[in-house]
Amino acid sequence: MEHLANENSDSDIRYSFLSTLDHLPCELIRSLRLMQTIDLFKNEEDEPGMERACRDLLLVATYINDLVDDQIHFLKQHKKELEIQKSVTKNFNSSLENIKSKLTLEEPGAYKEPKLLLKINLKKAKSRERKESITSPTIGINQGDVTEGNNNQEEVYCFCRNVSYGPMVACDNPACPFEWFHYGCVGLKQAPKGKWYCSKDCKEIANQRSKSKRQKRRK
């Protein structure tokens, strides 16, 4: 047990408390033997010796009491530290499980794209009032099959220059060359609130166009 305690003393606060108990039995035994010796002197008829023995006996008893009180205090302190350690370990394990769950969901092949049910020409159907997500699947055709159909002069969008599939979001810049973007390509998981731009350049261009229109109206 001593080997295990020494091996884990740096990693577990429970073993640091055990180290405080190493000398406790020896101290108690030594003090009890001293009390026994003093008690023998107390039984002698020498009155001054009896008084001195009583005083020494009281001192030893007080020392033993303080020794036990100190160990009780150490025990309570280490109990609190152990509870804190358990709480920290529990929170760490919980956070680790959440991270593992997210990593598992984001593994390649873990997410299956929905089948496309309907082809949509997004360049004609694009709305400028509010950008909302849209699922535009093609009947009986998976995403991989649609990629092969790019050679059939289908409309392509997004930075990936692919056809429309799954949830997509439109750039609020009317002059954006890509117009619509797949959620996965721009790091979205749900429809953005308010205006959304695919890049800083698109946002600056849109703001300049809007500013120019306002100036023309004032004139």
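Note that Cβ sites are derived from N, Cα and C of the backbone, with glycine treated the same way.
Summarising the annotation, Swiss-Prot assigns Zn(2+) 1 binding site to CYS158, CYS160, HIS182, CYS185. Summarising the annotation, Swiss-Prot assigns Zn(2+) 2 binding site to CYS171, CYS176, CYS198, CYS202. The site 'Histone H3K4me3 binding' feature in Swiss-Prot is assigned to TYR157, MET168, ASP172, TRP180; the stated evidence is experimental evidence. The zinc finger annotation in Swiss-Prot covers 155-204.
Residues ASP172, ASN173, PRO177, PHE178, GLU179, PHE181, TYR197, SER199, LYS203, ALA206 surround the recorded Zn(2+) 2 site, their Cβ atoms falling within 8 Å of the Cβ centroid of CYS171, CYS176, CYS198, CYS202, which are themselves excluded. With a 10 A radius on its CB, CYS176 (Zn(2+) 2 binding site) counts 20 other CB atoms from all the protein chains. Neighbour density for CYS198 (Zn(2+) 2 binding site): within 10 A of its CB lie 22 other CB atoms from the protein chains shown.
When DSSP labels each residue, the zinc finger (155-204) comes out as 9 helix, 9 strand, 32 coil, counted as helix, strand and coil in that order. Across the structure, ASP172 (site 'Histone H3K4me3 binding') and TYR157 (site 'Histone H3K4me3 binding') are spaced 14 Å apart at their Cα atoms. The binding-site residues near TRP180 (site 'Histone H3K4me3 binding'), taking a 10 angstroms Cα-Cα threshold over the set CYS158, CYS171, CYS198, CYS202, are CYS158, CYS171, CYS198. Cα-Cα distances to TYR157 (site 'Histone H3K4me3 binding') place HIS182 within 10 Å, out of the binding-site residues CYS171, HIS182, CYS185, CYS198, CYS202. Listed in chain order, the residues near the Zn(2+) 1 site other than CYS158, CYS160, HIS182, CYS185 are TYR157, PHE159, ASN162, PHE181, GLY184, VAL186, each with its Cβ within 8 Å of the site Cβ centroid. In this model, the zinc finger (155-204) carries an average pLDDT of 88. For MET168 (site 'Histone H3K4me3 binding'), other Cβ atoms within 10 Å of its Cβ number 26.
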